[in-house]
Amino acid sequence: MRLKHIKLVGFKSFVDATKVPFPEQMTCVVGPNGCGKSNVIDAVRWVLGESSAKNLRGDAMTDVIFNGSTSRKPVSQASVELVFDNSSGRLQGEYGSYQEISVKRLVTREAQSNYFLNGTKCRRRDITDLFLGTGLGPRSYAIIEQGMISRLIESRPQELRVFIEEAAGISKYKERRRDTENRMQRTRDNLERLTDVREELTSQLHKLQRQAAAAKRYKELKAEERTLKAQLQALKWLHYQQQCDRVEEQLREQQTELERWVAEQRGTERGQHQLRDTQQELKNSFDESQQSFYQANNDITRLEQNIQHQRQLSDKRRREEDEGRIQLTQLRQHQEEEQQELELIQTQLAELEPEMELAEAASMEVGDKVAQLDDDYQSWQHQQQSIQQQRAAKEQQQRVLVTEQQGIQVLCSRLQQQMDQLQKQLQELDTGQLQKDATELQQNVRQQEQQCTEARQELAQAEGKQQQVDAQLEALQDELHRQQQEVQQLSGRASSLEQLLASANKPVSQQAGQWLADKKHSKSLLHILKTDDEWKLAVEAIAGPWLQAPVVLEPVSGLPQGSDSGRLLFVQPAQLPPAGSLAEKVQGDARYLSLLQEVQVADDEEQAQQLLSQNKAQRVVLKDGRQFGRDWLVGDGQQEEDSQLVWQQTHDHVVAQQQKLQSEAEALQQQKKNLLERQQQLRVQLQKQRQQLMAEQQQLAALQAREQSITRELAQADKRRDELSATQEELDLSLAEQHERLLMIEDEQAILTEQLAADEPEQTDYQQQGEQKRAELQQAREQQQQVQQQRHELQLRVQQLSNSEQHLKQAGKRTENQLQQLQEKLHSLQHEEQGDDIAQLEEDLAIALARREEVELAKNEVAEKLAAVEQELGVLTQGQQGVLDKINQQREKVEASKMELAASRERGHSLLEGLQETGYNLKAVLEAMPEEAEENSWQQRLDKIARSLQQLGAINLAAIEEAEAQAERKAYLDNQYDDLQASLALLEDAIKKIDKETRQRFRKTFDQVNSDLGQLFPKVFGGGSAYLALTDEDLLETGVTIMARPPGKKNSTIHLLSGGEKALTALSLVFAIFRLNPAPFCLLDEVDAPLDDANVGRFCRLVQEMSESVQFIYISHNKIAMEMASHLAGVTMQEPGVSRLVAVDVDEAVAMAEAS
């Protein structure tokens, strides 16, 4: 893989789009100081992911964007693109199959930085991962810039280790190890949180399982209770169903009579339907005529508007046609003026042709003169070069010493700054605040744990309250359901008693009923008498036929004649009841007791006979209803189930009980409503407390994590303090060594200054000769420039006239096109005016007016027919009223039977609804019911189940679902816990494998680089030795140090070497790394600056040797290094602040020179 070229746009001084090609293995970038050569190196580093503006010689990342110059404005963004040739397939992975790979980075003024890989937007991480293991990176050993040589040699052991790691290709392993450690830490944190949740969940689950067992028993008993209740209701439903069958037969007979009258009424309705159909047809015809009339009016309005619109369009076209003719005349005049100007320009061009020929001849003559003077000046330069080379060697040596002196001074200053910074860091490294924070966090953790415990207790209390409310609500629902069933049963019983009482009453005629209603005689004797229970049968036996009779307070003369009045009871004036009479056993007004005053009572048959024999009574009655006279006996005892008084009393009792139960049911409904509201409040409270517990647990986890973080920070601070102390000792030693080297450099500089002063007179004489030749050459070039300026002015004049000629020709074409378009528009307007036909529209208007008159006549005719049909329909409707009266009378009879049937069905339906409310099907209940089923035994079983339910106490019905949900959650958490444990084990195995592979690769690479360094160092220095050493036995953490001893020296540390020696040592190390793991290319930025010519030669030979496997791109001011390159790329800054590129292929240039 090799770097093909770099594309720069707006990057630092490369404001214009610039392509820097690298066609050969060795490319040298040359140019004066400050022209932007190092910006090429910065561009490569920036694209490869450099994130520090300081390493790009800036304060902010936006400093890489061109910021303007004296003649240029700033640009808004900068971009650099590297194009690689991957035909060798060195890059692996997703992009290994690509022959060419493009990496681009773009940054805007808003500091938005974007990366692109083969034109596709990507992350910085993707670029870094692409080059992992290749030796390329923003700070890799493949990019050696100014100052990096000294930094490489003076690097701390851990910093030098990074270069070995990159060469070993284990940077990707370290990245994976870092990611794996982060994942392991996250996994451990998750395990801790998961353990806390599982323990809390296990405690809750045990309690829920106990509650769920009680809830299951409760549900089983409730299911059995519902089944028994359903069967009990089914038994009662069968009883009422038999009563319905009798009434249905009576209802069918009445409905047959009703259908006969309905059939007669339908015949009349058919006649009405026919008339209504005719009426509807006439209405439809009338609506259609009306619609046609409206449509005719719309057509007339539309035609009138079209006529007006066409007249307006005609006026507008005439105005546009007049304007078009005026524009046509103006365009033709403008066309003639352009033609005259074109002829004038063509004449001027013909006059300038002779002047151009004379200027070309003068330019050639002056050019020959300049070439002759330039050859003379070049000959002088070759002679001057040999003199300057001797002086340059001394000056170069002096510059090297100055550079080294400056470097040492800068290094001393930097070392002092580092000392100050280390001292400041040691002072700032105060762990007191961290320890204080750790103490506060421990207290906060304990407080938070207490709050979590309190939140759990409150949650348990709220759950207990909710369970109590649920149990109360369930019991209340059962009680409410029981009362509803009792109300339904009492309602059915009251209806049955009402039917029995009604069947015992003989109805009066309509006239008598009306008379009684007018006189307000609605009460019967049955509703007035209040009798003791033991004498009810006796009263029933005496007053039985009169119990249902209305009580009348007026004489009979007021009753209508000929009416069927039935039995009526006329009251007598009030008298005290005789002693021992039946009237004494009845409570009520004495006026209503005349029937009972003449009847004596007796406890038994013997006493009755005694009263009769003593003439104390004409009629005696016993408690069981038997009656005795002097010579007669009536009845053998009355039965309570046949007594109207018993029926009435039972009915009154049932109605009173029913009203009481309804009041109690309303109170229970209100209580149920209150409990439901309380239940909802408790659920909301429970949810809030659960959320509060979760929030408290999360806050506790956050505090615990922060506590662990502070503990780690304390440990890191202690470790950092030890490292800073060790570094401070190293800096003290290094600073002393640099001061000693400064004294040696000052002595060498004094000797070189004396030698250069002795050579100054000879150099001055020869320099004057060169100045004279340079002046002659400059005068000839100025003359050449004047001639070229005159020729250039003529060329500009010709070009301007040619441009004007071309412009006029194009203008003529445009004018011709405008003339053609305008003529076409005039022709179109004339054609449209001919197409207008207002006369046709006026003719259509006359036809529409005639059509409207016809439609209006037809509409009036249909209206007359419609009125006649509606009159006939009214007559037929009046005749139908008689039949409807008959139907209504028969329907009243049917409705009476239906009401009787409905009463029986209502009782059965009430039971059926109660059954359905419990979710049971009647048929299924009857089929599943045992043959021995009986109401009393079933009721006893229900009572037993109710007692069992009461013994269970408060039940949490939601415990079953909650226990299942919590069990599922615990199983899920258990699986997660196992998965996390397995993941942690896998991650630990991965760490072990990564560490093992890292140790092997690092050891192998270290040994190989150490061996290559030992071979390259003598080759570069012409002798001596150098080696690498490890600072620790742990290959994962050990640092790397370098020791170098040039020929004849026995220095104890590498810091005692000169700047040139350090540079050669660093190059030896870099090239040793390149031998092992050569990066695709190597960038060198003036690394030969501290070297003398002899060392530069050895450096060049080493680079040429390495260039067989590595592409070199280097910046140099040294001519020897320039001669080594196969391709020269010159960077110039002819325009201030703007860099441009001039490339020269050296091999091609040599071939051309030899050919000439």
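Backbone N, Cα and C define each Cβ position, glycine as well.
According to TrEMBL, the feature domain 'RecF/RecN/SMC N-terminal' maps to 3-139, 767-1139. As annotated by TrEMBL, coiled coil applies to 170-264, 405-500, 651-727. The region 'Disordered' feature in TrEMBL is assigned to 760-789. The feature compositional bias 'Low complexity' is assigned by TrEMBL to 777-789.
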Worksheet entry | Other parts of the chain folded back onto the region 'Disordered' (760-789), taken as Cβ under 8 Å at six or more residues beyond its ends | 359, 362-363, 366-367, 369-370, 373-374, 376-377, 380-381, 383-384, 387, 391
Discussion item. For the region 'Disordered' (760-789), how many residues does DSSP put in helix, in strand and in coil?
Written reply: 30 helix, 0 strand, 0 coil
Discussion item. Using DSSP, what is the helix/strand/coil residue split across the domain 'RecF/RecN/SMC N-terminal' (3-139)?
Written reply: 28 helix, 45 strand, 64 coil
Fill in: Mean predicted confidence [pLDDT] for the coiled coil (405-500)
70
